[in-house]
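J.: Here it is, the structure, as structure tokens.
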């Protein structure tokens, strides 16, 4: 939408305004004519008239044409060109450095913090013994945390206990299976909260 040096080159090549039936061309001509005093400051680089337009159309304006277009520079390289030995060696070296750095980086261990609700059979269940049984469960990637007794109702309290597990080694299914195995003390177990660390 901004006039450029290309517009000025075409404007100067036209000897007279276009006829009225070519109203778009006439409007363009009058628009560019209004920039008469500013034409040197318009953006772009002024080229020969034959350099504008479709690439496959031969230049018939009388301007000399080069056999090779200066603007046809391949900035991104060509797939056909051979990669120099030095560039290939440098690329291989950098790839090897990247791979060695990547292999030395320690793997991130995914962990989760789980809050468990362990419910006893009734108000006569020994809660200290129940907690002792739960904490006796040992596994690689399992660390027991704090616990408390939470009233449920009718004098019954449930054990709420925190643990941190490595996701690849310990799952909630395994915990439930091992905790509910203490049938004398544990009625059921629920996961109250599960958070990724």
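For all residues, glycine too, the Cβ spot is worked out from N, Cα and C.
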J.: Between 51-87, 88-124, which stretch does TrEMBL give the note region 'Disordered'?
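T.: Result: 51-87 is the stretch TrEMBL calls region 'Disordered'.
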J.: Could you pull the average pLDDT for the domain 'Elongation factor 1 beta central acidic region eukaryote' (75-102)?
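T.: Its mean pLDDT is 76.
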